Amino acid sequence: MDKQQQDQLKREAATKAAMLVENNSVLGVGTGSTVAFFIDALGQRKAKEGLTLKHIVTTSNRSKKQLEGLGFKVDELADVDHVDLTIDGADRVDEALDGIKGGGGALTLEKNVAINSKKNIWIVDESKMVAHLGDFPLPVEVLPISCEQNFRKFAQEGLKPQWRMNGTERYVTHYGNYIIDLAVDPIPAPHGLAAYLDQTVGVVEHGLFLNVCDQVIIAHSDGTIETQER
Ligand SMILES: O=C(CO)[C@H](O)[C@H](O)COP(=O)(O)O
């Protein structure tokens, strides 16, 4: 699939998701190229139908800027008492609707918004769907103070760590941390790995989103749009 075709599929899944957003609800908006199409579609609903949202929270400055450019006011997660629905992209989604996220580096805020949302919908093109999680480096956000120890430990565990880079420098997250991408593929036991990472001191967050997604909207190259529910 070339990029143009993939973008078209992302746009279709995103447009379908935008139709599910209810007036006067509290909306979480994720990050990434698919979400950028979703924000465009939200803007169109605002212009055509006067869609109004009680609050919008987002998971990156990129999405925030795009939303504000369309006239939406964006709040901080800490300032809202609940989120009705969050729409986000994903890097890989398996048959149980568990996923890998964080390809764009926004995994910590993405997980916090997702966990605090009543419902989570992911929008993907068919290339993101896999039988088993893997096929994409698993991002792990780590504190700078103990990142070297984390990196060595991951290497000893056979998790194939690599520093996320931004040119010649280490990539720095929104919170001033680094990302170690684990090239373990396939991930043999996602729940076991998630538990290990959750218990590792110095790990701020990781990109295994398990039991988080309620519904995935998948755009297929044959023109169909499929919805799968947990
Ligand atoms: O998790 C993410 C960012 O941290 C994105 O949702 C994920 O990387 C998908 O991005 P795209 O829609 O550009 O393929």
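Quick reminder: no glycine exception, Cβ is built from N, Cα and C everywhere.
Any TrEMBL annotation is an automated prediction that lacks curation.
Sequence annotations record features per position, and here TrEMBL assigns substrate binding site to THR31, GLY32, SER33, THR34, ASP88, GLY89, ALA90, ASP91, LYS101, GLY102, GLY103, GLY104, LYS128. The active site, proton acceptor annotation in TrEMBL covers GLU110.
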*Listed binding-site residues are ASP88, LYS101, LYS128; which sit with C-beta under 6 angstroms of ligand 1?*
ASP88, LYS101
*In this structure, which of the binding-site residues THR31, SER33 has the fewest other Cβ atoms within 10 Å of its Cβ?*
SER33
_Rounded Cα-Cα span from GLU110 (active site, proton acceptor) to ALA90 (substrate binding site), Å_ = 10
_Integer Å distance between the CA atoms belonging to the residue listed as 'active site, proton acceptor' and SER33 (substrate binding site)_ = 15
*According to DSSP, does GLY103 (substrate binding site) fall in a helix, a strand, or coil?*
coil
*Which three-state DSSP class does ASP88 (substrate binding site) fall into?*
strand
*How far apart, in Å, are the two Cα atoms that lie farthest from each other among THR31, GLY32, SER33, THR34, ASP88, GLY89, ALA90, ASP91, LYS101, GLY102, GLY103, GLY104, LYS128, the residues recorded as binding substrate?*
15
_Intrachain C-beta neighbours of the residue listed as 'active site, proton acceptor', sequence separation six or more, cut-off 8 angstroms_ = GLY30, THR31, THR59, ASP88, LYS101, GLY102, PHE209
*For THR31 (substrate binding site), name the DSSP secondary structure in the helix/strand/coil scheme.*
coil
